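Everything below concerns the one structure shown next.
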Amino acid sequence: MDDQRDLISNHEQLPILGQRARAPESNCNRGVLYTSVSVLVALLLAGQATTAYFLYQQQGRLDKLTVTSQNLQLENLRMKLPKSAKPVSPMRMATPLLMRPLSMDNMLQAPVKNVTKYGNMTQDHVMHLLTKSGPVNYPQLKGSFPENLKHLKNSMNGLDWKVFESWMKQWLLFEMSKNSLEEKQPTQTPPKVLTKCQEEVSHIPDVHPGAFRPKCDENGNYMPLQCHGSTGYCWCVFPNGTEVPHTKSRGRHNCSEPLDMEDPSSGLGVTKQDMGQMFL
């Protein structure tokens, strides 16, 4: 009986010992799992931190590049702007130099330059003041008027262009109303100034027997050949109407050739030959 009880008690204790032997194995598996998860989380955090660090460095470099680009643009615009006129320091000269007359030779040889034409106009000062606040808002317009308007429309935002377009409409209406109020005055042709030949012809009618009526060209100058219809004589004249000596006759004349002499009273220059040689 005692032996049976020992066997029963030993048989009942065997499952309990088997169950107690499995507990350390499950605890070991859980420890490995927790360790793996912890290492994975640590690696993820380290990767995120490294990525954030590199992004921060790249952002700093981008900010520096942006600031450098803006500074270069401002420097370029500043170089293109007209320079303000420098104040002229008062001249310090001794009294003998003030009393000495200035030499006109150097002044006549050197071309006169307008030093206030560039960089000292009202438009330049206003442009210089406005470009300090917003240099990008004032582009350089070097094309024709339609091309400049198209460039402005593309460079300006929608609101600014609407404001500018509204201003142009108001300006156009103002110009149209101003032109409509202006009365068109009849254009008065200025009186035509008559030349000496035309004035002489105006005093003589077309048909007047016995009177000499000169002939004028389209510019109002005397024709080189003048003829008197009543007597039949013809002669050559200078452009001012003065008769050329020794050319009056009833024969044919050729006044188109250049004359060898000129009348001093004609105002055309000095005689080419001496008047005394002509009468010889």
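Just so it is clear, glycine is given a Cβ too, placed from its N, Cα and C backbone atoms.
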Among CYS227, CYS236, cysteine joined to CYS234 by disulfide in Swiss-Prot: CYS227
Where Swiss-Prot places N-linked glycosylation site when the choices are ASN114, ASN254: ASN114
Among CYS216, CYS255, cysteine joined to CYS236 by disulfide in Swiss-Prot: CYS255
Feature phosphoserine, as given in Swiss-Prot - residue among SER9, SER144, SER155, SER256: SER9
Per Swiss-Prot, the disulfide partner of CYS197, chosen from CYS28, CYS216: CYS216
Residue carrying N-linked glycosylation site as stated in Swiss-Prot, selected out of ASN120, ASN240: ASN120
Closest of CYS197, CYS236, CYS255 to CYS227 (disulfide bond), Cα positions, disulfide-bonded residues only: CYS236
Those disulfide-bonded residues listed as CYS197, CYS234, CYS255, and which of them has the most Cβ atoms within 10 Å of its own Cβ: CYS197
In three-state DSSP terms, the structure that CYS255 (disulfide bond) belongs to: coil
For CYS255 (disulfide bond), the one of CYS197, CYS216, CYS234 that lies nearest, given that the disulfide-bonded residues are compared by Cα: CYS234
Neighbouring C-beta atoms (10 Å sphere around the C-beta of CYS236 (disulfide bond)): 20
